[in-house]
Each structure stands twice: as structure tokens, then as C-alpha cells.
Amino acid sequence: MLDPTLLRQQLAKLAECLLTVRGFTLDVAALEALESERKRIQVHTQELQSLRNSKSKAIGQARSKGEDVSALMAEVAAFSDDLKASEIALEEIRTELEKVALDIPNLPQQDVPLGADERENVEQARWGVPRTFDFAIKDHVELGACHGWLDAESAAKLSGARFTVLRGPIARLHRALAQCMLDLHVSQHGYEEVNVPIIVNADSLHGTGQLPKFEEDMFSTQLGEHRRYLISTSEISLTNLVRNEIIEADRLPLRMVAHSLCFRSEAGSGGRDTRGMIRQHQFEKVELVSVCKPQESEGEHHRMTRCAETVLEMLGLPYRKILLCTGDMGFAATKTYDLEVWLPSQGMYREISSCSNCGDFQARRMQARWRNSVTGKPELVHTLNGSGVAVGRAMIAVMENYQNADGSITVPEVLRPYMDGLSRIG
């Protein structure tokens, strides 16, 4: 959520900026009307509260002198209903304003390129050279079918479209990838491993920005009156660990990593990537989350992105680093780097990691703060999140980049200790 003072004091400028850089239309007239009404009700409420306080003081003084207070009590009773109604009206209009504020996306940093969509993203760097094959290559679906490793038919019987059953060596490779990533981030990158719930409440989704705007993207479950949501990323669970907390300065930065199942409805995918495992309803991800002081978030963003890059480099997978333009960034992000891995079957790079600095946007929604050791006062933290990386897509990239002419897959050296020394599967 943006700083409310921007909505109150710089509304026209904010609306122009949001339209230009985010393509988001803010109803200025409606907001001005709401804010004007809020001020009117607040002034009226404060006047009645002041009157109540003065009358209460007068009643106390009169009682101490043994005087009759019935007339004063009658005066208080006369406006108490009005005060109660005014307080309720004030709370209602504040809730209305907050609903509007919760739908407004974050503002980009000044160095984020202006653009409408992914076509205007800016490539920052490349690593590795795509392999040249001397045989007809297969995509991951064909490779999986050769050995019965990827079973979409059974998954469809169990759950429907966009699910896959992994069998045998490929299931083992998938597990090895996740374990290897966790070990790297914990042992070498200094992240704390956290095992988090994958079912969360609505407050958690409001905190990180998935609700109320993106409810259609979420799977949910209802038990009696209690509605819960399946996480689309463990960023939700990890980041909300600091919701309504004040963190001492010497504990920052907090760096957490989790490997979890993730669930997405893919409501806005428009029928893209229906073949294979590129876009699934259920998938696994190793997620990185950092919570830090505001002045440290830019450096932390570069560090986190570098940690994700290291995963691809240790696997020997060619990739490129992309700075997203204003029109392609996520709702809560103020700056985002995507990492795209090379898929030989498609002859192109595909997203495998997205690392975002959210500034104080999520922290304000969560009331996540740190205690400034100089002033002693609580201030909003900055939050960051990034895939370190998507496990299924890493598996696809390994299958395709390490395939052999006979359909077997060479196991990357870094994964062999996790697979009892196997150098090849299939």
C-alpha cells in the first residue's frame, strides 16, 4: 500500500504518475469526494469528543463538590448517540478509502524503464552459451514420454488439466534440484531455512498484495465459516512472519528460504503453455525472502538476484537477466529482475526466477516495522522476494539442455551427490 499522505496531499500528481508508468487509472474525483467527506466527519467527531471530554470533566468536578450533576448528565446523553453514529460513519469511510488504496499498485523506482509490456523489458546480461546439438532434439514432454517419466494422463484422471505425475528417476531429479538449491542458499548464502504452511488466511494475502485484487488467481478452501487459501508462492507465508511485528535493528536483515508446493489457477494465462510442465496449477519453488532497513534494500535486491543466478550457474544452464519495465512489473514490486533460462526446444529464454524489491509497500499493509536504534522509534521495513528458483522449470531446463541422442539425460555434476552418484538417467 502506498503512503496515504500521497493520496491526501498529491492526488492529482499521483494519478498522472500511475497512469503513465503503470497504466492504472485512479478515479480522482471519487477519491476527492471521499476524502472531503472523511474530513467533514472527522471534524464533527472530534468536536463531539471534545465536548464529551469537557462535560465529563465538569461532571467530575461537580461531583467532587457534592453538586447536582443531573443537568450535565442529560446534556451528555443528548449528544452521545450522535457521537456514536459519527464514530461509526468515520470508521466506514476510512474503510472505503483503505479499499481504494489496497487496489493501487506500487510505484516503480526511477531507474525502472518506462514501458507497456514485456516487449519493452531491458536485457542486462547473459551467462553461458546455448549448446549446439548434432542430433534432432526433443522437448521435455517427448523426453518424459520416452521413459514414462511424465504422466499427464494419470494426473488428469486424478485432478484435471495442468497437473503432472512425475515417476522414477525424473521424480528423483526433481527432488535433488530442490535439495541442492536449499543447501546452497542455507550453507553459502546465509538464508535461514523455514518450513511454512501452504494454506493461509485472507490477512496474509492482503499483507503481501494478492488480495483483494487477484483473488481469481488463488485456489481456496472452505471449512464451515473459515475460508483459507492455497499459496501461490511461499513469499506469502515467509513475508507475513513479520506482520504486526517490530524487529530490533540488530536482527536485520532477515533472510529466509523455503521450499514449498505452490498453487495457481492461471486464470489470466490465456491458454498459453498448455503443453507440458511450463505452466501448472501445482508446482514447487524454492523462495527467497529478505526483510531489511530501507537504506539496505537496493543492495539486498542485487544480492538476492545474484543468489538466484548462482543456482543456474552451478547447474550449467545458460540464462539471461532482464530488468522489467513499468508495465510488466508485479503489483507489489518497485523494481524487478527476471532470470530467463535457455530452453533448446523453444529456441528461446523462459522465465525461471523473478526477484523483486517491494520497498515499504507490503510492510505498510502488514504493519511490519523495525526499531530505529538512533531515534528509538518504529519505522517500516522493506521487503524483497525472489525465486531461487522454480524447481519444475529447472528440471525442464536440465532435461532439455543435458539430453543425449538416445533420449537419456546427463545428470549435472552438482546434483550427483543427491542421486547416489548417478551420472545419467534413462
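Even glycines carry a Cβ here, placed using N, Cα and C.
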Check: E192, E284, E287, E340: which one does Swiss-Prot list with T233, S234, E235, S387 for the L-serine site?
Finding: E287
Check: Which residues of the same chain, at least 6 positions away in sequence, have a Cβ lying under 8 Å from the Cβ of I352 (ATP binding site)?
Finding: L312, Y319, L339, E340, V341, S387, V389, A390, R393, A394, A397
Notebook entry, point to check: Near the L-serine site, what residues other than T233, S234, E235, E287, S387 in the same chain have a C-beta no further than 8 Å from the centroid of the listed C-beta atoms?
Noted result: I236, L238, A258, S260, C262, K285, V286, L288, V289, N385, G386
Next item on the list: Can you figure out which of T233, S234, E235, E287 (the binding-site residues) comes closest in space to E266 (ATP binding site), comparing Cα atoms?
Entry: T233
Checklist line | Lowest local Cβ density among T233, S234, S265, S353, S387, which the record lists as binding-site residues, within 10 Å | finding: S265
